[in-house]
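A short worksheet on the structure shown next.
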Amino acid sequence: MLTVKQIEAAKPKEKPYRLLDGNGLYLYVPVSGKKVWQLRYKIDGKEKILTVGKYPLMTLQEARDKAWTARKDISVGIDPVKAKKASSNNNSFSAIYKEWYEHKKQVWSVGYATELAKMFDDDILPIIGGLEIQDIEPMQLLEVIRRFEDRGAMERANKARRRCGEVFRYAIVTGRAKYNPAPDLADAMKGYRKKNFPFLPADQIPAFNKALATFSGSIVSLIATKVLRYTALRTKELRSMLWKNVDFENRIITIDASVMKGRKIHVVPMSDQVVELLTTLSSITKPVSEFVFAGRNDKKKPICENAVLLVIKQIGYEGLESGHGFRHEFSTIMNEHEWPADAIEVQLAHANGGSVRGIYNHAQYLDKRREMMQWWADWLDEKVE
């Protein structure tokens, strides 16, 4: 392997020459003396050379790092020379994605557009963004999907496949691709399907309460789990909760329309239990984050999407209970006790347009929901072994 001293000592000769570093990486020294890092590699049976960077602008370690990244791409069938060429024109996946995104975001909420952009920026574009879109093979797109599957994010994996498919279709109709590999990947994915989430029958709730009382992990995750049960919110709605939208005086939480499934503001009355929990939490996360349930390592983000599931797993209820299961239990028990169906549906944010006679802003139903949610919180607390 090369050393810095060898590189600095390399002088131009009558003919160009190479100083080998290893694994295909070498320093090319032309007659002019302007040294260049290059990587020799083979793909699809053909030998190619990638110009990695110029010395001394790119150090030895930087060249090794870039060569390592290129070799990793090669191992999954990505040609770094083609990727470099594609990144400089408007036929790369990244360039076409940006066109598609600008076209589509006009009909999306700001929150959804931001969430989708983050998914592409974090997990998709770093892998295939620099490739000519017409050269992307199914295996290369599958490599992207595997990133989600490997961390258990099956729903996001399917979402990524569908949205990538839309980018390919956009490329096809604009004359820059002829084939969309996304639909063909469905059979290769790890069995994603819409499923019924686990929930507990009423007679098992006391045992769950007892187990939850033994949890000794993150206080933020524990309070998140309890608030999720008391409010019957969706996990996404809970995670997005901001301190500015928690009104202790009027005892309501407002969930922004951008994160709601129905794209409407959701007003949630707070029971005594929720007020107490959020008051406790305010001394922990409010000084350091806008998020009520701030992440452990990055206070600029909320807790991870699996935080509540991890609590459930730790207390021994994996596969038996879930965040969505809390909502099912709330709906079942409240209907069994003959609370107004409309009030239950509004609390679950199932209301859509005029489906419950426009009662989102009806004071009577907010008052009824205050009463209902206090009854629900008390009912849960009474279920002890």
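Residue numbers in this text run from 1 along the chain shown.
Using N, Cα and C of the backbone, Cβ positions are placed for all residues, glycine too.
Other C-beta atoms found within 10 angstroms of the C-beta of R234 (active site) number 21, with every protein chain shown included. Among the features that Swiss-Prot reports, active site is placed at R234 (among others).
Sequence annotations record features per position, and here Swiss-Prot assigns active site to K261 (among others).
Taking the Cβ of H324 (active site) as centre and 10 Å as the limit, one finds 17 other Cβ atoms among all the protein chains shown. The active site annotation in Swiss-Prot covers H324 (among others).
Other Cβ atoms within 10 Å of the Cβ of R327 (active site) number 23 in total over all chains. The active site annotation in Swiss-Prot covers R327 (among others).
Look at Swiss-Prot and you will find H350 (among others) tagged as active site. Neighbour density for H350 (active site): within 10 A of its CB lie 15 other CB atoms from the protein chains shown.
According to Swiss-Prot, the active site, O-(3'-phospho-DNA)-tyrosine intermediate annotation covers Y360.
Swiss-Prot lists 91-172 with the feature domain 'Core-binding (CB)', giving sequence analysis as the kind of evidence. Mean predicted confidence for the domain 'Core-binding (CB)' (91-172): the pLDDT average there is 86.
Swiss-Prot lists 195-373 with the feature domain 'Tyr recombinase', giving sequence analysis as the kind of evidence.
Taken residue by residue, the domain 'Core-binding (CB)' (91-172) breaks down under DSSP into 68 helix, 2 strand, 12 coil. Separating the Cα atoms of H350 (active site) and R234 (active site) is a whole-number distance of 11 Å.
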